[in-house]
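Student: So TrEMBL has the following annotated:
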- 1-27: region 'Disordered' (REGION)
- 153, 216, 245, 276, 415: UTP binding site (BINDING)
- 246: substrate binding site (BINDING)
């Protein structure tokens, strides 16, 4: 005889409803049905993933078979194996719906973030034998297209006729001559920048430094609809391929033979940074700290401002230090992530890594870096997927890894012409290829600068300034519309210049704008 179902009386607008109590047979049946459906959906997704993985493997094998040269075929096969491993991890995560457990995300403790000001200061006596154990690597895979330039971003002129690469070479050359050491400079190129970079670096052949290059991997874009590779042949359209982010550094460094070459030279530490970060110079205090602490991985972080709210940050996750990128954050917690109060630091991508530790984690295939799914639309309208990884995400695989909170001066990236405006101004001066803040600047922060679309491309930017304005006392600058600047313009405080559509504003030479808003038409002609 069946047991009666427990019921609960619930008041509802003057009447009562009879509901079955939790744990009743009907409730349990519903839960079992929901669970069965979840298993069914998961099973379907896993089956679809299995089919997609097999189809991808067949396509990759077919392309490998098209390479006639044995050496090139082996190299291409190795790249496709690395891509396939990344692709299958993506499928597995997609099928299982793996997400970050926000309850385990905590601010890093003091042992996980050290303060630069607390590091022992190394006296710069001109003798620093620890530099003999160092190599410097610049991430040089990006193009200058976002700033309207053709070719590698590193060859854009940024200061006094010198490019990012020129400034870097000057820095390393000065370091070597001052300390009588041989710190090699390594460029990790992509297939987009390799050929142009090789031509450019020939001008450094007479310079006193060892300059090495290697290429990061070239992975196939994936059709979002079919989950098959976009390229049909190994040497098809360049637009069908992509460099898979700087997380590829470790395997590419090893596969190219560069890692073994550095170890054979007695190098122990690798300083990695973006080629467009003009603040990323060799710092003896940090290098000595890396050596003394025995840390295999040190990430430079700096205090976040409202301009950096999307930058990756270090967190304590399940008791270990991790890098958290905005793409990993559940949508419900995006405001928390962007909070300057809760996450007060962000990753500069200046990294100090032990070379022997890199060899260990690569040889043991330990690196399963978080996948960044970058969705694109091609010129033909096809939706494609790029699977990328970030080099800083590897921090969790290295012993003693932690962050060092450094001054903002070590983070001077040039991502836009607004950044270029600051770098070319009197806010900085050059010292042996290193940008240093002008001591006449009375404030500890740099101005906030927002230049509109008329200034977006470098060529347009340069044509709108007869000379860089003087901005030592500037706090904030916003410029939109058709605006040009004459010689020796002085900007102070907060300056907003708005030329509406169809209007033009010419700021005359020698003008001083102090806490001014300028709008409408303004043209002063020389006579």
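Cβ coordinates come from backbone N, Cα and C, glycine included.
All annotation found in TrEMBL is predicted automatically rather than curated by experts.
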Student: So which one is it: of the binding-site residues 153, 415, which has the fewest other Cβ atoms within 10 Å?
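Tutor: Candidates: the binding-site residues 153, 415. Fewest Cβ atoms within 10 Å: 415.
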Student: To the nearest whole angstrom, what is the C-alpha distance linking residue 216 (UTP binding site) and the residue listed as 'substrate binding site'?
Tutor: 8
Student: Can you give me the Cα-Cα distance between residue 153 (UTP binding site) and the residue listed as 'substrate binding site' in Å, rounded to a whole number?
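Tutor: Between the alpha carbons of residue 153 (UTP binding site) and the residue listed as 'substrate binding site' there are 15 Å.
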Student: How big is the gap, in Å, between the Cα of residue 246 (substrate binding site) and that of residue 276 (UTP binding site), rounded to a whole number?
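Tutor: Answer for this pair: 14 Å between alpha carbons.
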Student: What whole-number distance in angstrom separates the two most remote CA atoms of the UTP-binding residues 153, 216, 245, 276, 415?
Tutor: 21
Student: Compile a sequence-ordered list of residues in the same chain as residue 276 (UTP binding site), six or more apart from it, whose Cβ lies below 8 A from its Cβ; state 'none' when nothing qualifies.
Tutor: 142, 153, 154, 164, 413, 414, 415
Student: Counting only residues 6+ apart in the same chain, whose Cβ is under 8 Å from the Cβ of residue 245 (UTP binding site)?
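Tutor: Those within reach of residue 245 (UTP binding site), by Cβ under 8 Å and sequence separation of 6 or more, are 372, 388, 389, 390, 391.
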Student: Say we define neighbours as other CB atoms within 10 Å of the CB. Which of the binding-site residues 216, 246 has the fewest?
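Tutor: Sparsest of the binding-site residues 216, 246 by Cβ contacts within 10 Å: 246.
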